[in-house]
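Peer 1: Take this structure, written in structure tokens, and hold onto it; I'll ask about it next.
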Amino acid sequence: MYCEVAASSLLPRAQTSLLVRSRATPPVSCTTPPFLNTLLRFLSGSEMGGTTNQESLLWALEFLLLGGQVGSVPRQEAETPRCNRATRLPRGQATALVGKARGQEEGAARRAGVRLCPASPVLQECSQAEIAWRMAGRRAVAGIGPGALLALRALLAAAHPQCLDFRPPFRPPQPLSFCVQYSSFGCCTAEQDAALARRFRALETRLDPGMWATCAGYALDLLCQECSPYAAHLYDAEDPATPLRTVPGLCEDYCLDMWQICRGLFRHLSPDHELWALESNRAKLCRYLSLDDTDYCFPSLLVNENLNSNLGRVVADAKGCLQLCLEEVANGLRNPVAMVHAGDGSHRFFVAEQVGLVWTYLPDLSRLEKPFLNVSQAVLTSPWEGDERGFLGLAFHPHFPHPSKLYVYYSVGVGYREWIRISEFRVSEDDENTVDHGSERIILEIEEPASNHNGGQLLFGYDGYLYIFTGDGGMAGDPFGKFGNAQNKSALLGKVLRIDVDRNERGPPYRIPPDNPFVDDPGARPEVYALGVRNMWRCSFDRGDPMSGTGRGRLFCGDVGQNKYEEVDLVERGRNYGWRAREGFECYDRKLCANASLDDVLPIFAYPHKLGKSVTGGYVYRGCEYPNLNGLYIFGDFMSGRLMSLRENPETGQWKYSEVCMGRGQTCAFPGLINNYYPYIISFAEDEAGELYFMSTGVPSATAARGVIYKVIDPSRRAPPGKCKIHPAQVTVKSHLIPFVPKERFIRTPESTPRPTARAPTKAPRRRRPTAAPPAPTLRPTKPARPTRRPGARKGGGRRRGRPSTAVPAPQNGSVRLVRPAGLSPGRGRVEVFVGGHWGTVCDDAWDTKAAAVVCRQLGFAHAVRAAKRAEFGEGRALPILLDDVRCAGSERNLLECAHAGVGTHNCKHEEDAGVECSHQDPDL
């Protein structure tokens, strides 16, 4: 049986009616349409074997394609249908195959303009999309979205959708009127769709009516493959260097069927004379039109479960690791610690290096040869891997360039005194790409008792105030005072501070916001906004959902842990984040943890040190280019090199963890994209448009130019072309420009590069289950790097002027040395001090890590791991006991500057000789 279709607006010049196959009853002698024949052959080789199953599937697909309902009318009652008459469809096995897709099909039918009759099992009207399907007789998805077909496919994900412009597919802003099957997801805008419709009509004018009546459906099929999510594969366009096909790659069965009745159509679709020459040879023609990768040939790719499952969604591997890609945007940087934009419409971005240089990059990724800011002479840092002092943060005034102010955070030191400095600068009046270095105004300075845990983040909130994130002062366990700096409201260390720097040209450099939580507490510093933080490294404000604004103003921070856990916090006004009472979800100082007045806030997520030892806070993605990433908080760990993500369930408030891996196989096989990165993840950033970046390095030293900036890319879906186009405001460039030359390369591997071996955590936090469960280790790509020390700019470090010399200097009063048994590694041993021309030992009464820190620093080590007692490293019986009851603050130059009982005065024996264990690495690690 056939449906007689009158000419529609798609065929304004048609002079005859078209007989297009559309079975109303399935007689054995009925010829199945070419596409459905191919589809049946494809499926019968797998789970749909057998005549009955084939017949049922055929009816089920027609049901879906027509948008009709399953009726109870027997097949023998069906009559020859017309599109303006009722088409009755049978009950039976078709019902079971399509029942689950009913809800999706109804919505799709509404979008296509097809009205379903709820009271009668008939299709009452034909839309233009329906007529186009009937003309083709083979198109599996006309008039409906891809959702209905997805119901027939397994949820596997190993595809590589790509358009002819070598970029991911997208969701068109409005439905397509010609290639309607790609209205929900594909590679065509409305303009491209209209151009294909014009080509279709032009074909009609060149073909005689008889041939057009037979072949119009084939023409429509082939033209619309330019809109397919897999257009690049169909046209052999994955590699920009190879010639583009003029006809999409066809599956052999489909090509053979088309050749039988429409071989003359090819010369009207393609200018390829070689193709024309093969027109009379069916085998050679179809071989010429075939694809090397048969998974992608048309029309089989429409029902390939691997290609269509989760099409348009972020791809995840079997372990749930999200497959993303990267684009290199800058390289050759020395520990890039921050990347910010000015918010002035110029779309420049400014990259800070730990040594104290800030560089200007233009939207085309070229860099200005002259630095934007150079405070390298004032910044305290060193070449040592692990020294976290240096230039650590910057932020532009929220109304920049009016005023043309910016704020910086860096380490300074004189002698053995060190402190952090927050300064204000103005941009030069003569060059908008250079700071006026003479305009520096110190806003705030805070003394640092140790060389690590320096904090370093500066942010302006949506309230216009400047937020400053300080570390707890260093060493292990926040040993300063009774409860540590972090719990001491009268100390500025271990805090989030909030100050007002507006209108400060006269008077004090800053004022206190009136709603700061402790302005009325006489025992607290009024700058304190939140407390109980250890060393928050990289924080960010959420821009909010682009449509609804949901989440706007939330403050996310990664807080580096001590010995067990790293955590991510949502920082709120006046809250206590637990350190040093708590680390992650567990108690660290059990006595303080049991204090009922602590009232601390648990993190939204914490992970154990088996997965990473130093969190790097990130951003909630709110950019335009990759809609699937909206609302995803992406962060990392620069000791393990893991990229991670959290997504909030808006109904429960729970956060779901997913690791981020580089795309495997062909996932990242787009021009300009890479699937690997250097493992030391230093910082994250977003540009003026909200796109997400991160910075990492292969050698974590402030002087090693191995740092790279990567842009995060979702290869599964992009925004429609033109939607995210930026129009940068022009800036006057007076410096020489250095064009960007990418150096990183895509690595072709079948799977993601494996991580360094790591075991899953053996137990969960004891106090309370985390909001998001600790993740199991999966995969990440890395570049070969030296995994010996962590990068600068966070926990670890210490004063390192140069490597310890093997020559023994002439001793002076207060000099120290370590004496150790044979075979013991350097940095461990019995402490001996030089006083009055003699060497002697130190008694362990009152001996602690602060005194040990003084000794270790004298010997060139950055950290004191522990203070040893009871002659652990042997007794110095041949020497006098010179010092006893030594009490140090930790900042003294030598033990003689510490409080002690007096040189030679003691009440102990050599069995109490003191010792130390020093290290160039942070003891937390």
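Numbers here mean position along the shown chain, with the first residue as 1.
Cβ atoms are placed via backbone N, Cα and C, with glycine included.
Owing to the predicted nature of the structure, the values given are computational and were not obtained by experimental measurement.
Sharing the record's features from TrEMBL:
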{"type": "REGION", "residues": "744-823", "note": "region 'Disordered'"}
{"type": "COMPBIAS", "residues": "749-763", "note": "compositional bias 'Low complexity'"}
{"type": "COMPBIAS", "residues": "786-803", "note": "compositional bias 'Basic residues'"}
{"type": "DOMAIN", "residues": "816-919", "note": "domain 'SRCR'"}
{"type": "DISULFID", "residues": "Cys888-Cys898", "note": "disulfide bond"}
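In the displayed structure, how are the listed features positioned relative to their neighbours?
Peer 2: Mapped onto DSSP helix, strand and coil, the domain 'SRCR' (816-919) counts 16 helix, 35 strand, 53 coil.
For Cys888 (disulfide bond), the count of additional Cβ atoms within 10 Å of its Cβ stands at 22 [all protein chains shown].
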Peer 1: Taking every residue in the domain 'SRCR' (816-919), what is their average pLDDT?
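Peer 2: Mean pLDDT across the domain 'SRCR' (816-919) comes out at 89.
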Peer 1: Enter the number of other CB atoms within 10 angstroms of the CB of Cys898 (disulfide bond).
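Peer 2: Neighbour count, Cβ to Cβ under the 10 Å cut-off: 20.
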